[in-house]
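The structure appears below as structure tokens.
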Amino acid sequence: MHEIQGTTRLLGIIGDPIKHSRSPIMQNAALSHLGADYVYVPFPVKQEQLGIVLEGFQAVGVVGFNVTIPHKQAIMPYLSQISPLAQAMGAVNTVWRTERGWEGTNTDVLGFIAPLKEERQKWSESQVVILGNGGSARAVVAGCFELGVKQVHVVGRNLERLQAFQQSWSDPVIVHLWHELPELLSETTLLVNTTPIGMSPHVNATPVEQELLAQLPKGAIVYDLIYNPRPTQLLKLGRSLDLFTIDGTEMLVQQGAAALQIWLDEPVPVGVMRRALLDAL
Ligand code: NAP
């Protein structure tokens, strides 16, 4: 790691809990590669301390920081400017300091889209099914709108939460309970898991069983936001059916790279970040 000196500037990530975050490994690898005089630090921050922490960050000249669970929404009232994308999503994951105060955006959307850009899909003809309606599902929906997909379906287990999710978007989102999933799959070209089902240590769990997954058309993509394990049981099943599969590592790398680029205002070594993350996983 870069030697910390009197001139070293601070970047970091706030969350609760934060000790499992892989972002410090990825970001410090990039900073070190660039020889940039910065250090990226994990800050455990309780919800009720958010205001005090931001004042402290301002006082000691923190340049910028990432925001993770549970502060992605709670941070918004503290910001002097929020990008239209983050406004539409209702969540901020990247903040930087300006003369006007703290400004924020959301790079999860860019991260989600990045591996899809390589796929030769006709997005305007694509139906997407998103499993789960939590925080990361919001980045996925915003990403689908960016790609210009034909229809966005969201599958959840709680009708009230699903309806609130649906109403929070100005563009159309169609919501379903899980028992409706079998009716959707034969027309679906992109299936995205945003639930934690299959995440370590529950590595044998899958949100969709093989028999159901087999209903996806040839050439469909199965995208699991989970990055531990790699691959998840869902992606193993997808591969056994000859479907295209994408795991969550590239999303994590690309959202981090986009944040670092905002803070440094220069090109960042994405390959170094990817290698550091894969070594850590
Ligand atoms: P979250 O806000 O808690 O949302 C999780 C969603 O999954 C909720 O809609 C929840 O339903 C649903 N869910 C949870 N357990 C379920 C179950 N047993 N059956 C059916 N639905 C279930 O979490 P999140 O922040 O979106 O994160 C979700 C996953 O995405 C995690 O595995 C995380 O590691 C991954 N992720 C990856 C990246 C990346 O960069 N690759 C970024 C963010 C998140 P209810 O609303 O009904 O509780």
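Positions of Cβ are set from backbone N, Cα and C atoms, glycine also.
Keep in mind it's a predicted model, so treat the numbers as computed, not measured.
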Candidates LEU110, LEU159, LEU225, the one TrEMBL lists with GLY132, ASN133, GLY134, GLY135, SER136, GLY248 as binding NADP(+): LEU225
TrEMBL annotation, shikimate site containing SER21, ARG22, SER23, ASN93, ASP108, TYR227, GLN255 - matching residue among THR7, THR68, THR195, THR206: THR68
Which of THR68, ASN93, ASN133, GLN255, the listed binding-site residues, has fewest other Cβ atoms within 10 Å: THR68
Neighbour tally for GLY135 (NADP(+) binding site), based on other Cβ positions within 10 Å of its Cβ: 18
Candidates GLY132, GLY134, GLY248, namely the binding-site residues, that fall within 10 Å of ASP108 (shikimate binding site) by Cα distance: none
